[in-house]
Amino acid sequence: MRFLTAGESHGPELTAIIEGLPAGMPLDVEMINKDLKRRQVGYGRGGRMKIEQDQVRITSGLRHGKTLGSPLTLVIENKDWKNWQSVMGIDPVTEKEKVKRQVTRPRPGHADLVGGVKYNHRDLRNVLERSSARETAVRVAIGAVSKAILSASDCEVMAHVTEIGGIKASISEGTSLGDLKMKSERSDVRCCDENAAGLMREAIDRAKKEGNTLGGIVEVVVTGLPIGLGSYTQWDQKLDAKLAQAMLSINAFKGVEFGVGFEAARLPGSDVMDEIIWDQSQGYTRKSNRLGGFEGGMTNGMPVIVRGVMKPIPTLYKPLESVDINTKEVYTASVERSDSCAVPAASVIAEAVIATELAKALLDKFDGDSYTNLIGTIKEYKNYTTEY
Ligand code: EPS
């Protein structure tokens with residue numbers, strides 16, 4: 001399976017084409033829309049989310065509720081487009097018009113300046129429109145399709161926020177995945193710890209009042225994966241590395257860890273490895289899951305646990321210093337609108353991109369021409385791994 005996305009933040013729409021889907025897979029458009037909604041509603045979002053009401057339109061690859069095995073095209077309309085038609089139109093404009101509309105003041109922390117230098121754009125809007133996190137809407141739609149593929153392996157995928165602006169969620173050991181899922185879905189900061197969620201909200205309010213923004217940490221958990229997705233045999237086949245890339249491809253993400261993650265640097269080996277056990281019903285499992293479901297770049301059958309860290313959004317109401325690329329004069333940035341915290345939304349995006357990479361790995365390993373074959377071959381293989 002492979003896909004491409006296209007679309008500018010204030011252009012008419014976002015588009016994705018996914019190729020290599022199993023044929024005959026049930027796909028519920030409302031299930032995709034539900035995930036799009038989850039991405040939009042988090043606490044700390046700015047004015048743009050009051051304009052957009054993301055809904056997917058499928059224009060190829062689906063018939064009577066089931067995939068055809070041909071490319072699936074997903075389209076999400078940008079409602080804000082109607083306010084940007086002249087700025088973002090495709091027809092040539094006069095030099096005078098062009099200069100009048102030019103963005104020449106790069107925002108620190110954004111792709112603006114580097115993208116401008118790299119592609120020799122004198123209008124930084126040519127960079128910021130595509131580097132915008134708006135693109136993540138369509139990746140959430142791709143993630144919803146990927147979750148349908150993962151259902152062939154009875155996978156459960158969930159994501160929650162574990163930290164915002166230095167406030168950490170405390171989650172008692174042994175909390176079930178179902179409980180985590182239910183609590184995070186109910187929370188507008190997508191955090192399972194109600195007490196921490198309250199403090200996170202207060203921190204977001206404070207940051208907003210001060211013209212500042214906040215980052216945080218999100219965690220994705222996936223159960224039900226078979227042993228042996230990915231491979232140790234070649235560097236670019238290691239699946240944890242692919243998940244790390246997917247996580248870092250989310251706008252503003254700066255780091256990734258699995259299981260105990262960076263804590264492993266401080267622990268002795270006996271507190272990091274997971275002891276192996278076997279029983280007839282479950283086959284090989286581990287006594288703990290400190291390695292987050294990966295050994296040798298392959299899934300080991302334990303839940304995948306992966307976290308990503310998001311920096312605070314770089315568009316600040318509190319002005320930061322930069323330089324105008326035409327005059328080279330110093331200026332302090334002024335902002336029309338921005339989110340003060342997008343970490344809750346980012347957890348839904350993280351869930352989607354991780355689901356997408358795992359679905360690709362599942363289709364790499366198993367016969368995915370038809371959904372029925374996929375279910376059958378996974379089941380057969382899981383029986384084999386239990387008995388091995
Ligand atoms: C974004 C800036 C804001 C966000 C946007 C990402 O948009 P605007 O510039 O139109 O105010 O709202 O996020 C989305 C549109 C979205 O759907 O998540 C940026 O610069 O990355």
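A Cβ is built for glycine as well, from the same backbone N, Cα and C atoms used for every other residue.
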Further binder of FMN named by TrEMBL next to Arg130, Ser131, Ser132, Asn251, Ala252, Gly296, Lys311, Pro312, Ile313, Pro314, Thr315, taken from the candidates Arg105, Arg266, Arg337: Arg337
Neighbour-count leader, CB within 10 A, binding-site residues: Ala252, Ile313: Ile313
Candidates near ligand 1 among the binding-site residues Arg130, Lys311, Ile313, judged by a Cβ under 6 angstroms: none
Ser132, Thr315 as binding-site residues, winner by CB count within 10 A: Thr315
Residue pair Ile313 (FMN binding site), Arg39 (NADP(+) binding site) - Cα distance, angstrom, rounded: 16
Other C-beta atoms that fall within 10 angstroms of the C-beta of Arg130 (FMN binding site): 17
